[in-house]
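Colleague: According to TrEMBL, the transmembrane segment annotation covers A:21-41, A:79-96, A:108-127, A:133-153, A:165-189, A:251-281, A:293-310, A:322-343.
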Amino acid sequence: MSGRLTTPRRFAWLPWVGRPIDLLSSLALVLVLLGMAAYSLTVGSYPMSLAQAWAQLLGGEQLASAQGNVLWELRLPRILLAILGGAAMALAGLLMQSLTRNPLAAPGLVGVEAGASVTMLLILVIWPSALPLQLYPLAALVGGLAVAVFVVGLSWRRGIAPLRLILVGVGLTAMLGAVADLLITYGNIDRVESALMWLGGSLHRGGWGQVQSLTLWLLIAGLPLLFCHRQLNLLQLGEGVALSRGLNVPWVMGLLLLCSVMLTAAAVANVGVMTFVGLVAPHLARQLCGDRHGALIPLSALFGALLVLLGDTLGRALFPPLQLPAGLVVAIIGAPYLLVLLARQRNR
Amino acid sequence: MAVTVRAFFLAACASLGVGLTGPAAAAETKVFENSFGRVEVPLAPRCVVSLHDLSLTTQLLELGVKPCGSTGRKKLFSDALFRGAQPRFDVAGIQYIGSHQAPDLEAIAALQPDLIVGLSYHAELKEKLDKIAPVVLLPAREADIKTYAKELAELVGKQQRYQELLAEYQWIVSEFAKRVKEPGRITVTTLEVYPDGFQLIGRSGMDDVIADFGLGRVAAYREARQNVPYSLERIGDFNSDFIIDTYEEMLDSEAGTAAFRSSPQWQSLFAVQNRQFLYLNRSRFADTMQGMIGSAYLLMSHIAERGYKLQQD
């Protein structure tokens, strides 16, 4: 039975998820994600049962308008944002780990996260009236992309050199981290508090605008990745092998790096800093499918979505009406789990 | 987007749906207008939610309105604290709705308020809050205390109470003017000392009172920016006839800043050497009308009703 499930290319209609077991894993994760989303619909300071939430989703005109407002304007966009943000961060992290062939790589490696963070801090702490609220995510995106372009430019040597990319990224991230600390330490306390909530990866301001924005970026930079599993598998084997198999390495790496940067910047701009998701979600996915990117890409996205949704749901449920930022909750519950997984791997 | 998703969902479920409905309409309404815009609000609000405890909740209580919900400070395993309001007012019945930077919108919705009051930085939440109840933003950060308190009083229909508070404050100002003929000659620095430096902050409306009393400031203070941390080295620049600092009992800030005040730089200040350093409880009053009245009485006692020395003499 297990042989049937793990045989590659067993079914012709499974082009990406090459093995039946991968399809089963994906389906199981989708079900868990849907279950978590359904549970999340009932969690919050406003009392609402699953039946009431379902009735509202079906267009329950007879139900209280306040309930409909809570569901459609507060909970649903927040849940979708958690799913989309988690998936984007996980995909960005997976790309960075694959491109640098470094399992410790995270989306923030090329400085995009730090660039977006510092941009947002500058806006939130120094010039809160400089931009209309609607343009905050775009500003973070521009800041993140600018830093990423700078890092890639500095690490370019007839193509992207993974080691140089890591070193330059670490250096620039440290510098931007110092700028962020400076702004937090010496900024106006009210504005700093607001910025810290955002830095913690909080979704409490999430709305349909952010859902729309993140959906767009996932379609542009996330969806095409499903067709890049072969290239990623080859890159995983090293540049030499990839070149020998006819891969235009600099071009492919540049394109994939751009996708990672766009996903990170979009996620940071809309849901805040959640580096840990980008680090841990691909590792969790590898427990199910190893390094086969055909399965790793969707499974990482699903794990990322699940992690952030879990973090946000717990953040809302633990100490209401106090809202713990999802990014912090994910790090608190995810870090020990990652350590256990890695310890298990070492014992094999 | 919500409508799109809903339409998609409804179509998928083959069900008939309706658009979202807004907040329950109040019986009688009026139009309130200030620098942040025009809002239709209930004439006599039944349940007011305050998004800032220190400024708005306390000011509401001073005006005789108990909000049904308020933001506050809360540690994980302790009760919420409504700064400025406790322990002066009975806060039983005020529902904690989260921190002022990240209020729980669902907790607000659960209260079914008919009016929400916030500060300018809550503008980013206004679109969502508007779907719960009318939202009025007040210029507590942008204008002086009298201005925003007056607006708040108009909003909740407590103009008479505001006039009483204003009259008492203006009486103190006139009494001070009677006793101190040239207040501009007296320089005052309001600051807040921390273990590693200080900031120029006047709590409890103290800076408003100093301005209304016509007291002077040293040149460095006039040119300085507020809310900027300064190191101990700069303290000499703010050497005034009077120096006012505040302490927070709950944070044990007096003990935490003792080293700063025992430093030679601090000890050499004119105000310190001439016992004209005032060390006041920062939680006694808030940035409200009664806060200003309290601060005005304190300055009246410590400057107008005692002998003092001036650097100019």
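The backbone N, Cα and C atoms fix where each Cβ goes, and this holds for glycine too.
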Colleague: How about the transmembrane segment (A:322-343) with the transmembrane segment (A:251-281) - do they touch, taking at least 3 C-beta pairs under 8 Å (6 or more apart in sequence) as contact?
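Modeller: Contact criterion met.
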Colleague: In terms of Cβ proximity under 8 Å, which residues at least six beyond the ends of the transmembrane segment (A:79-96) contact it?
Modeller: 33, 37, 40-41, 102, 105-107, 109-110, 203, 206, 210-211, 214-215, 217-218, 222, 225, 232, 256-257, 259-261, 263-264, 266-267, 270-271, 274-275, 277-279, 281-282, 285, 293, 296-297, 300-309, 311-313, 326
Colleague: Counting Cβ pairs under 8 Å to the transmembrane segment (A:293-310), which of A:21-41, A:133-153, A:165-189, A:251-281 comes out on top?
Modeller: A:21-41
